[in-house]
Amino acid sequence: MLRRGSQALRRFSTGRVYFKNKLKLALIGQSLFGQEVYSHLRKEGHRVVGVFTVPDKDGKADPLALAAEKDGTPVFKLPKWRVKGKTIKEVAEAYRSVGAELNVLPFCTQFIPMDIIDSPKHGSIIYHPSILPRHRGASAINWTLIMGDKKAGFSVFWADDGLDTGPILLQRSCDVEPNDTVDALYNRFLFPEGIKAMVEAVQLIADGKAPRIPQPEEGATYEGIQKKENAEISWDQSAEVLHNWIRGHDKVPGAWTEINGQMVTFYGSTLLNSSVPPGEPLEIKGAKKPGLVTKNGLVLFGNDGKALTVRNLQFEDGKMIPASQYFSTGETSVVELTAEEVKVAETIKVIWAGILSNVPIIEDSTDFFKSGASSMDVARLVEEIRQKCGGLQLQNEDVYMATKFEGFIQKVVRKLRGEDQEVELVVDYISKEVNEIMVKMPYQCFINGQFTDADDGKTYDTINPTDGSTICKVSYASLADVDKAVAAAKDAFENGEWGRMNARERGRLMYRLADLLEENQEELATIEALDSGAVYTLALKTHIGMSVQTFRYFAGWCDKIQGSTIPINQARPNRNLTFTKKEPLGVCAIIIPWNYPLMMLAWKSAACLAAGNTLVLKPAQVTPLTALKFAELSVKAGFPKGVINIIPGSGGIAGQRLSEHPDIRKLGFTGSTPIGKQIMKSCAVSNLKKVSLELGGKSPLIIFNDCELDKAVRMGMGAVFFNKGENCIAAGRLFVEESIHDEFVTRVVEEIKKMKIGDPLDRSTDHGPQNHKAHLEKLLQYCETGVKEGATLVYGGRQVQRPGFFMEPTVFTDVEDYMYLAKEESFGPIMVISKFQNGDIDGVLQRANSTEYGLASGVFTRDINKAMYVSEKLEAGTVFINTYNKTDVAAPFGGVKQSGFGKDLGEEALNEYLKTKTVTLEY
């Protein structure tokens, strides 16, 4: 026998604890709160001899009735207790038959006659959600907030014949937070603490220790019940009073006003303490000043000139939307569920079926409220999901915001993934039916998880190089947009879910993103063909295919980034331990070129994200569309807001601001050497941010006479003409040994003549248009310079006579070392050939290395000793032997000399986005 104080205690195998002082209870009331009080009282050993509750509604029993029936407790479902002021005889007999010693009323909407109230030995106790004697009446919580009280709480009191006037048994209080709503206050304090207090009150009565403290009349107030008809907003008041009125009716009954002839209810009010953001005016009946629909919600104004923001709006038909979307006509992005999330959805479907017992099958289109659910069922749904879905805490408004099952599951999944539930992704698309599919292209800046116009509304045309037509207008990011994107990325890193996420979960999101890229590869490749002129078949395999591989590769690295332990000299007689940690840098900027729009994004951003950073990425001004489509897919994959930000626009404005921004800790750039130098300078002067640069190239390809000539011709052409020559590692100069030079040139020209130049969406096309008009003109000038300097134009050198920016594949021979063609990169389909004397290995190496560039290089020979010697001597970040363009996601890629420094791809790329911290401790 164990003893606690003076009470005898016995423990049984069921785990329930029984004290000596226990009571027989009648529970009178309803709701989830009533159910929880019932369950906790039974758990503490009290015997509930009867539950008196309301009748089933639309075939659904109240949660309290369900719990009691499951336990075998007698349940009485009474439509009323009295008629014409007198207790119904049958009801009184049923009540007295259970022999209760105490009535417990946790939440009761019915009038209980006094003879029932006074019948038990210990009378009756009632839970009331205010600090009595203040706010007597049925809408106590509402009035606590409406009146701007700084303290809220509840009272458990002894019932008498007055209206909430009985003696106090116990009270509890809490501070009212500035933006508390009725729901927030109830969920945070009144519900959980109220359950505990009811159980404590019953035990105090059982122990004979329950006080009866008369309520003072000083400070007593009584307010009437708040219903929809008297919850209309009166606008001639201060912002704080308006705020209190709105939150004091949130969620029930809901403060409302008239907008465009329709009743609109406001939810989620907060006082605006900062400057009023820009927005679109919205006329509101009775308001002296129009509201403003902003990206953060609907801004309202009091008569004192101060403002508040409302987060959500509900219309007469029950539909609820984020207030920021009042004028929006965009489409809502759909989250695609993982296998684990599908299981959660099935669990929730069972919960819906239990609540909507009158609905035979829960379908995607099933509407929670149109199927008969009430506000009480909302509380039950939220609580059951919390219990059965790993503690997931929804808010009541989540149900109102997504009343149909399919939409509700979307909201739940977003919540599970740690996304902001306040605003869903809305995408305004430019849609085109092309390549036998409907291509849907976002065209706005993507900042903090939302597509948005540029701050100043500026746009520019993005051009289809196949015919020179305008694809669409794209937002032209301003300095303000860059600053917003950086701020969003910083907040996501320092305060958001991303910064708290474990590495394996980060990898899961990246795997999911890779899957989505693969699932949408036809659309992405089509956009790449439209926007950059990439041949569709090549775009599928390389532009998109390698992007998928890159994200999968780095997703696997997420949980394998680790430091090391290092033996150091011990501080004897103590000991020391030194270890290193690899940590993310923070906010990273990424600026990518136009030749592989999505692949260049993937090469840099995958490593950046795997390391745990957040990013702001500026795509090339002429090819922004796949980057913006990528942003949409990142939301579908579940990336939290602010982790990925895409800002289309110019290098001179957006790119320069990124290089100068003090909150950016790393910048990764692929582009020209002159721009790379400017970026490096700006990064150094601003805050010495870490930089990795992949810049220009003039990659030499040496072809010896002992090579496999057929392969050398085929690979040599690929080295130059792959992706229209718009390839950073393209062979900028071919050195062909004298004895095979003429045959090599002849074969190359023969093969060029077989190439089909045309529409990149045509599956038989080999060679598409150059990326943009200015680049085509630069290539034509390059050829003119070569001819003027005396190089021999063997083939091509002209624009193709058809619409668009097409250029003939071009071959120059007799290129001497002093010529412009020998020194400068064309970045186009121009083969520059120089011959070298038979056997002069060191001489050709000297010529190959006499450039400031060092990105890639190649050699073709059957002699392995010669191949290895040449690979050692070539000054380049990559050397290809008897192959070319063979890059892989696991192999580091990057240049030397003025081709830059730092690596993309492979494990080494992770180090570009990590910092090493050394920790030493003594013990």
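Using N, Cα and C of the backbone, Cβ positions are placed for all residues, glycine too.
Here the candidates are K773, K903, and Swiss-Prot annotates K903 as N6-acetyllysine. According to Swiss-Prot, of the residues S371, S375, S686, S375 is the one noted as O-(pantetheine 4'-phosphoryl)serine. Counting only the Cα atoms, the space from S650 (phosphoserine) to E694 (active site, proton acceptor) is about 19 angstrom. For D164 ((6R)-10-formyltetrahydrofolate binding site), the same-chain residues that are 6 or more apart in sequence and have a Cβ closer than 8 Å to its Cβ are I126, H128, L132, P133, R136, G137, F157, Y222.
Looking only at the region 'Hydrolase domain' (23-331), the predicted model's pLDDT averages out at 93. Recorded residues S31 (phosphoserine) and Q110 ((6R)-10-formyltetrahydrofolate binding site) have their alpha carbons 12 Å apart, per Cα-Cα distance.
Spacing of K60 (N6-succinyllysine) relative to C728 (active site, proton donor) is 68 Å (Cα to Cα, whole number). For the pair formed by K788 (N6-succinyllysine) and C728 (active site, proton donor), distance between Cα atoms is given as 26 Å, rounded to the nearest Å. Closest by Cα distance to I112 ((6R)-10-formyltetrahydrofolate binding site), from the recorded positions S375, K681, C728, K903, is S375. Pairwise Cα distances among Q110, F111, I112, D164, which the record gives as the binders of (6R)-10-formyltetrahydrofolate, peak at 14 Å.
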